[in-house]
């Protein structure tokens, strides 16, 4: 009898463990239209503004790197809680919040109270990638939402600086369970989107040897030494709205826009060989990017009975 009781307890614990795991099929029974509803909403948003693809991929990154993939980045400030949106790396920079809100509303009309905001950040990152020519990969779902935001963590260095060195980037990614190849692959998301002049201006005017002179001269037209800090420039000036491997070709030509991009190649950087590989082999880049996105989506997730399923993404229930 004692053995039977132990066996039952073990089976129950195993069942709970399985239920708490992320899976691409998590919503197959509870909300079979969830992923297609999200996909439709995201495709509509990107068709209106192509740049939104980059913003949604970045939003997923900024959510996961601050206390895990828990939709804490979506919460707006209250009298008792500071918002991650107001943290320096996000303020007037992170975008796509309204697109996530719209996708959440669409899913709520189909399956109220079932699909988390955390999943409605993770799935659109994949849908955005695919829409602009990047890889389609299976997103594991079943995350739950945080009941708090973590502005202090967002401000403390858990989001990489545009001035970060390779060692700083590597250490940060390692703390999140991501290796050097993951770092280089995920950085390739900068084949899309735009950056404000304030994030790369000093690089244009400090007479650095790690930037192509012609590239620097072109960028200075949009980014004068005095003023223009919020002006935008494409991270990849060749194909800024398409997911491809030009980012790595740019790095090899000293045309990385951000200092934190260019540190991945040059002066004997330990990541030179990976950058070179991705510049030659777009299929390998796409495959590694997909794998790294899946891996990133596992960072410190809330599952099972932890957290909650928010009714709206901007506020705790």
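A Cβ is built for glycine as well, from the same backbone N, Cα and C atoms used for every other residue.
Note that TrEMBL annotation is computational and uncurated.
Because the structure is a prediction, the values reported are computed rather than measured.
What TrEMBL says about this one:
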type	residues	note
ACT_SITE	62	active site, proton acceptor
BINDING	190	heme b binding site
BINDING	191, 236, 239, 244	Ca(2+) 2 binding site
DISULFID	31-111	disulfide bond
DISULFID	64-69	disulfide bond
DISULFID	117-313	disulfide bond
DISULFID	197-223	disulfide bond
DOMAIN	21-317	domain 'Plant heme peroxidase family profile'
SIGNAL	1-22	signal peptide
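A simple way to gauge crowding: the CB of residue 239 (Ca(2+) 2 binding site) has 16 other CB atoms within 10 angstroms, across all the protein chains here. Relative to residue 236 (Ca(2+) 2 binding site), the recorded positions with Cα atoms inside 10 Å are 190, the candidates having been 62, 64, 117, 190, 197, 313. When the recorded positions 31, 62, 191, 239, 244 are screened for a Cα within 10 A of the Cα of residue 69 (disulfide bond), the ones that qualify are 62. Sparsest Cβ environment among the disulfide-bonded residues 31, 64, 69, 111, 117 (other Cβ atoms counted within 10 Å): 111.
Taking each Cβ in turn and tallying the other Cβ atoms within 10 Å, the top scorer among the binding-site residues 236, 244 is 236. Annotated Ca(2+) 2 site 191, 236, 239, 244; additional same-chain residues within 8 Å of its Cβ mean position, judged by their own Cβ, are 192, 238, 240, 242, 243, 245, 246, 247. Around the Cβ of residue 313 (disulfide bond), the number of neighbouring Cβ atoms within 10 Å comes to 22. Within 10 Å of the C-beta of residue 191 (Ca(2+) 2 binding site) there are 28 other C-beta atoms, taking all protein chains into account.
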